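The structure appears right after this line, and notes come after that.
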């Protein structure tokens, strides 16, 4: 806030130089006339830079540590004169490095004069590059640039030919370097920052620009290429481009129907016109049709179909087209995209067993972003990234190019991640795409661990994926432990439930057996009762059907029978001698001894009376005038 320094490395360097004294570090970079300190004694204000890189050591030796953020090292209002600050510069020129040490009160021109003696190059032909604040002139005082102690610069000499002695080594180094090409599209006034290796050719640059601007290579008009760049097959390392950054301008070549004066005027403005005919698909001009516009269809539409259809009803079908189009553009070595809805991807990644769970990576594609082609081809399709994603992630993708698809994803995002994440994605600019979201499933919600933008490198992408995996692995170990404990508890409960179930089954079996036994007893009791009732009914019927017992003084012949029961009891009755033997059987049955179950035996002689003819009279069977009989149960 005080110095305007936003580079964290530069700020840490300044703090280390001042032994981590904040006030000394601030006063070391603020211009002297602006230096202000607040005294901790009585609120007095001290003007002027009372601290410097060298004055701090004196203050530190005489003053102990203080709890205040500003330490009063000057005992009076006397202003201590600021010591000059020394700056170190390492200046690179072709294959040489020159170390320069100057006070911060020196100017940029002083550095050039020192380099002039070291490199034997006129200062007027030097371009000193590498300043963090942009280009500066020779009269700029170093102190006003707020530089750190150690600085790296490089010298460009566009008006001087390269040295023959160092040409081979410098060429090899240039082939390994990366060039930043700042390409301005003239018609739409849009800038593209493109990174290319020194081994890339001018033709490759033009093909990439065709992907971005939809201007076919043969119709591109360029400004800014060096005079030595005369062949499209030439590599950037030998083309004479300014390292590390070079500015170019591209526009669409006018229609052949124009005046000679217009053509001549245009050729004076354009530095280099591409004459490349390497694109097979540009032959439409031979038939009088401009391949920028064919049958009213934009060339970008002819060049490639959309990654995902607009307003697709089924997310699985949309992902199938996305995968096919991605393979056709960038090859078969790419992440395995999950085919299905976002909810299905959640189920696959988060809701299995803890040991089988994975992180969810959501790739958000945008065809209109300048970073998309580089990110997909160089980062997302790198073998190391593809392998790491397949082992540890479920990868789901969506195309944000069409507004309808973008709105649909933001709705899904709000539902699953909340409005904050949705708003974060909504505010991303087109040139910040593509995005890579790393999602971790929690017990009650889904957490977005990281949002990776397209302006990254393979190493940085891998580091951020690995960092997310470390967080996920720690959480996964906790989940596995909780799941194992839960399964152990459930196993114990399951065993207890099984034992309880077996006990209940045994009790139920016992109860059912007892109930069956009781039912059987009841049934038998009922049968017995019914039989007794039936027997009693028969007995009563027989008792009622018996003829009346004759009196002793009866004039008719009377037979007196005495019958002994199996229990030893006796009962007697008188019968007419003319009564049939059946009447005796009925009488015995009426007493509860039916002749079907008992036999009636005579004593002298012993005989089974029940075997006699029941229709004979007592007189005929010789049971007259009296007889003693006894009952015996049949076997």
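From the backbone N, Cα and C atoms, a Cβ is placed for every residue, glycine too.
Unlike curated entries, TrEMBL annotations are predicted automatically.
Copied from TrEMBL, the annotated features are:
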- 54-69: compositional bias 'Low complexity' (COMPBIAS)
- 486-496: compositional bias 'Basic and acidic residues' (COMPBIAS)
- 554-631: domain 'UBX' (DOMAIN)
- 47-69: region 'Disordered' (REGION)
- 476-496: region 'Disordered' (REGION)
- 540-560: region 'Disordered' (REGION)
Please indicate, using numbers and ranges, the residues of the same chain that are 6 or more beyond the region 'Disordered' (540-560) and have a C-beta under 8 Å from a C-beta there. 572-579, 583, 586-587, 589-590, 618-619, 623-627
Can you tell me how the residues of the compositional bias 'Basic and acidic residues' (486-496) break down into helix, strand and coil by DSSP? 11 helix, 0 strand, 0 coil
Average pLDDT across the domain 'UBX' (554-631), rounded to a whole number: 89
Helix, strand, coil residue numbers for the domain 'UBX' (554-631) per DSSP? 13 helix, 29 strand, 36 coil
